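K.L.:
So that we are looking at the same thing, I have put the structure below in structure tokens.
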Amino acid sequence: MAKQLSFSNESRDALEKGVNFVANAVKVTIGPKAKNVVIERKFGSPDVVRDGSTVAKEIEIENPISNLGAKLIEQVASKTKESAGDGTTTATILTQKMVQEGLKNIASGASPMELKKGMEVGLAFVLEKLSSKSISLSGSDIQKVATVSAGGDQEIGSIISKAMDIVTSDGVITVEESQSLDTELDITEGMSFDRGYSSPYFVTDQERQVCELENPKILITDQKISTLANLVPILEEIQKSGSPFLILAEDIEGEALTTLVLNKNSGVLNVASVRAPLFGERRKAALEDIAILTGAKLISEDKSMTLDQVSINDLGKAKKITITKDKTTIVAFEDTKDLVKARVEKLKREVEMTESEYDQDKINERIAKLAGGVALIKVGAATETEMKYKKLRIEDSLNATKAAIEEGVVSGGGQTLIEISDELLNLSQKSSDDLRTGINIVKEALLEPTKQIAKNAGFNGDVVVAEIKRLNKGFNANSGKYENLKESGILDPTKVIRLALQDSVSIAAMLLTTEVAIADIPEPEAAAPGGPGGDPMGGMGGMGGMGMPGMGGMGMPGMGGMGMPGMGGMGMPGMGGMGMPGMM
């Protein structure tokens with residue numbers, strides 16, 4: 001495809017247009033008086049959101065070079081969302097201001113590389129000051145942080161606080177849709193571990209990039225799976241039952257993984273696979289814990305068990321399993337509660353008998369995972385649109401609260417950034433030329449979140465910032481008053497602010513030091529098929545054999561079915577089989 005090139009100030013100006021296009025749409029979503037953004041969906045009702053990352057991802061700009069700028073600032077929002085779970089709008093606002101100020105100075109003759117250095121020096125100073133101002137989160141502050149992150153919604157703050165209190169920081173909190181109008185909290189058995197799906201093709205929710213399995217059957221083994229030949233009988237039973245299926249194994253690779261993906265994508269089997277957590281003996285112990293939680297039998301060669309011996313009775317089950325790219329959460333049924341309790345007691349006895357402090361710590365980690373349980377926040381609403389909106393708000397609030405527990409909190413409403421901005425003045429005055437200008441770019445950007453919070457609440461941002469400096473108090477956008485925000489419970493998680501600053505400086509500096517932008521030249525739309533007087537639909541090509549389920553079953557090589565080598569059967573349209581080597 002032919003490319004178009006843009007150079008120097010021309011490229012930077014086009015990139016800035018893209019940045020402004022996205023940032024102006026995103027920044028209305030910050031603060032307690034934030035506004036909503038309505039997003040059209042091709043199918044179903046439109047989404048109403050107040051989340052910077054979601055808004056940024058939806059925006060495409062016709063000009064290819066400007067669209068590159070839009071994608072860069074989208075990267076800021078998505079990276080902050082991924083790392084902190086919140087703070088995407090703050091990061092976007094900071095980036096926009098740094099880009100605007102930086103480009104003004106470059107147009108006046110400043111060196112982009114020196115500006116970048118100055119911005120990095122300023123960032124290091126800001127992060128040091130931010131850390132020094134951070135305070136640990138006390139139990140009573142959890143609800144305050146959750147409420148602020150939920151846009152001042154007291155109900156959401158209360159539910160998250162209760163959930164945190166019950167399952168503690170070692171437990172798991174998940175958010176799901178409720179069939180009722182009320183938002184409720186339910187505590188059940190479950191756990192999570194740090195392993196994600198083996199392939200992104202297992203994802204069931206493309207927007208959130210998660211795989212969700214409702215009432216799945218679960219195979220747990222400490223063996224490596226590279227072929228599905230031994231599992232064909234059990235896979236056939238699973239397919240007939242219509243149950244989702246999770247394979248948790250030491251590893252699943254090669255032909256086995258490819259075959260599962262193809263069968264998943266062709267609708268033959270709702271399946272996913274996850275590598276077992278940890279390593280060595282600790283891995284086996286973790287698999288035993290998960291087996292007890294789910295009522296499964298651990299298929300292990302140590303117990304003289306092989307995969308071809310697996311029956312439906314050896315499989316575990318769960319209410320729901322949610323898998324992201326790096327984490328798996330299991331919500332278990334209550335009927336394993338006594339088994340889990342007995343397992344925890346056994347592990348506690350092991351701790352008492354173990355002299356190694358390291359081993360004691362690791363066993364205690366297992367106890368915490370098993371005993372912590374899972375808190376289910378069931379989101380109720382009158383309409384599907386409201387349901388999606390509330391669910392997003394709760395997820396953001398939950399992420400912010402977890403971040404606050406990790407690294408503490410600072411005064412909210414942008415007050416801490418304003419204080420640090422004033423302290424940057426001394427550093428700036430000690431620097432020279434473009435380095436000083438780079439520091440000042442960061443200094444000015446630190447004021448922007450508060451200005452936008454004030455603007456969204458109907459106040460003049462410049463006036464509000466001036467009053468904050470004069471009174472040495474923060475601005476409560478809910479009441480329109482200047483207060484001690486820590487006493488008022490208006491707190492921001494330090495981690496969220498830190499990551500927003502780091503990500504915004506990183507992307508802004510990259511954009512300011514860009515000299516050439518390269519993008520595809522859009523191709524003209526193709527003429528309608530069929531030609532004058534012809535069928536506008538064209539003709540339908542012949543279809544290959546569909547290989548529908550039941551044609552030969554899921555048997556061994558030579559038989560129709562799951563798509564093993566040499567097999568015909570349940571292939572995708574136009575294919576005799578699943579597309580594996582040697583398939584008919």
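Each Cβ is built from the backbone N, Cα and C atoms, and glycine gets one as well.
Quantities reported herein were computed from a predicted structural model and do not represent experimental measurements.
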K.L.:
Kindly point out which candidate in Gly157, Gly190, Gly413 is recorded by Swiss-Prot as part of the ATP site with Thr29, Ile30, Gly31, Pro32, Asp86, Gly87, Thr88, Thr89, Thr90, Asp492.
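P.N.:
Answer, per Swiss-Prot (ATP site with Thr29, Ile30, Gly31, Pro32, Asp86, Gly87, Thr88, Thr89, Thr90, Asp492), from Gly157, Gly190, Gly413: Gly413.
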K.L.:
In Swiss-Prot, which of the ranges 383-402, 523-542 has the region 'Disordered' annotation?
P.N.:
523-542
K.L.:
Please report the three-state DSSP label of Asp492 (ATP binding site).
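P.N.:
Reduced to three states, the DSSP call for Asp492 (ATP binding site) is strand.
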K.L.:
Taking each of the binding-site residues Thr29, Gly31, Thr88, Asp492 in turn and counting other Cβ atoms within 10 Å of its Cβ, which one has the fewest?
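P.N.:
With the binding-site residues Thr29, Gly31, Thr88, Asp492, fewest surrounding Cβ atoms within 10 Å: Thr29.
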K.L.:
Hey, what's the widest CA-to-CA gap across Thr29, Ile30, Gly31, Pro32, Asp86, Gly87, Thr88, Thr89, Thr90, Gly413, Asp492, the ATP contacts in the record, in Å?
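P.N.:
Roughly 16 Å, rounded to the nearest whole number.
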K.L.:
Near the Cβ of Thr90 (ATP binding site), how many other Cβ atoms are there if near means within 10 Å?
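P.N.:
Taking every protein chain into account, the count is 29.
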